[in-house]
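Record features, source TrEMBL:
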- A:6-117: domain 'Acyl-CoA dehydrogenase/oxidase N-terminal' (DOMAIN)
- A:121-218: domain 'Acyl-CoA oxidase/dehydrogenase middle' (DOMAIN)
- A:233-380: domain 'Acyl-CoA dehydrogenase/oxidase C-terminal' (DOMAIN)
C-alpha cells in the first residue's frame, strides 16, 4: 500500500490550487455580492484553463482531453472545491456522458464541449421527480419520424451559460410484475431550439452565482439524431456515465473543508479572550482535532473510491459512502468553524457564513444523504435477501 | 544558446516560519517546501527566451538535499528541458553556502557551456543574495544583477536593473550571469501536458564530490531568533492629542 501521490499528482494539486487561489478567490466577493459572474471574468478563466490544458481534462486524449485517471481528476476537483462554484464552473468539466455521442453528434456536441467552444448542462430533475427519477413527467412522443417533447425541468445547474442540454425524458411505460415502469430516453437539445425555453430559476441559499434554471419544453420537435444513446436507453447511458460523477460532491466537499479548516485553525491561534488564545481552551482545541480527523477520513474515503474506479473494481457503495460522509463532514466543519468565529462568523464581511450556507446543498444534490444511505445499505443487504 | 537556471528548494513563502527550540535555525520538518520564487522568475525568463527563439535549451540545476528533485520537476513542468540534481546534503536543515553552490555551478558550466545563467537574486530562506556574484567572479564572466528587464542581442545583453535610486540600464558581454528581480515577469502555471511530460525529461543525479567541491560550511550560525513582536498601538481621542503624541515621538 502506498498513500503518497506521484510527482505528477503533486504538481497537478499545486497547480490547480495556485490557480484557484490566484484566479478564483479574487473574484469571489463580487460574485457573492451580485449573484452574477461577469462575462469577461468567466471568459478569462476559461481561456486560461484551456491554455493550461486543464479544460475537460478527464476526457480521453482521442477526443482532445488530457486522459486523467479518476484519481487524478478527483485531485483536480478536490482543489477546485476550495473555490466558488459559480467561478470554478468555468474551469470546464463537461459531463462525461457526452462520451456516449455517436456519428455526427461527436462533431456537434462532444468535441466542441471538450474544446470549450460549447458548454453543456445536464437536465434530469423535475418539480415532481427528484430522487425518484422514474417519476419524471417530461415526455417525448413519436410524431411522424420525430419526437415531440413536453414538460418542465428545474434545478438545472449551469443552464444559464449552457449552449446545449442533455435532457432525460420519459418515452413510454412498461408493464412489469412490480407495476408500470417508465422508459427513459436521453436527448441533446440546443439552446434556442423552437419549443424550448430556459427561464431563471430560484434563488438558492447555497452557491450564489451558480444558478439553477427552469427548462420548459412545449411541443419541442426533435429528430432521432438528437437521441443520446439508444431510444428507451436513458437508464443505460445514465448508469454507464453518471455513476462515476457522483464522486464530485465528495471531492469538492473535502477541498472546501480544508479551506474552511485553515480559517478555523488560524483564528483559534490568533483570537484572544480571557487573556489567552482561544485555541488554548479545550472547547476550541478539541473541535480543531475533530475537524481535521474527519477531513482526513473523508479525503481518504474519497480518494480510495476514485482509486477503485481506476482499478475497475465495484465502487457504487464506496462512492455513496464518500458522498455521504464528505458532505456531512463539511456541514460539521463549517458549523464548528462558524462557532469558533463567534458573531463575526455570521457577518458577510468574512467568508465563513458563505461556506456555511454553501455546505448545506452538498447533503442534498446529486443524491441526498438519505439516498446514499439507501444505496449503501441495499448494496450490503440485498445479497442477503433482506 | 543553452541557458542554465539554478533553482533552490526553500520553505514555501506562505508558511509561517518557526525558529527551532535550540535557535540553530528554522524548523523545516514537515513544512511545505517550494521553488524559491525568484528562481521561478528565472525559469520563466528562460522559457520566454526560448519561446522568442533566443535560447534552444534550458537546463535547471538544484544543489541540496535529494528532495530538491521535486523542485527540478516543477522547473521541468514549467518548461525546462532537462535537469541536474547535485545531492550535497542529507539533512533538510543543511544549507549549502553560496560559495560552494557557485563552485559546483562553475564546474557544471564548464561541462555544459551555456551562453547564459539566469538565477534568482536571492533565496528567500537565508536572503544571502551572493551566489550569482560569486559565480561571476569564479568564471570571470560579466554580471547583471537584479534584472527588471532583459534583452539578449547577439554577443551582448541589455539589462535594466533595479537599484536604490530607480532603474539602471547596463550592457554586458555574453556569456553572462543575470539575476532576476521580482518585477521581471510573472511566472506561468505548469500546464497539464507539461506536468505529464516532466517525468519523461532527463534528470541527472550527481553529488558534490563528482565536481570535487567541498561543501563544508564556512559560516557559523550563532543564533536564529524570531523578529521582535510589534508593540500594540494606542488610541487617541482627538486630532490635537494625535499631533501631541506625534511630537512626543519626534515624528513631526
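Every residue, even glycine, has its Cβ placed from backbone N, Cα and C.
Caution: TrEMBL annotation is automatic and unverified by curators.
Counting residues per DSSP class in helix, strand and coil order gives 6 helix, 59 strand, 33 coil for the domain 'Acyl-CoA oxidase/dehydrogenase middle' (A:121-218).
Mean predicted confidence for the domain 'Acyl-CoA oxidase/dehydrogenase middle' (A:121-218): the pLDDT average there is 94. Counting residue by residue with DSSP, the domain 'Acyl-CoA dehydrogenase/oxidase N-terminal' (A:6-117) contains 79 helix, 0 strand, 33 coil.
Residues of the domain 'Acyl-CoA dehydrogenase/oxidase C-terminal' (A:233-380) grouped by DSSP class, helix first, strand second and coil last, total 123 helix, 4 strand, 21 coil.
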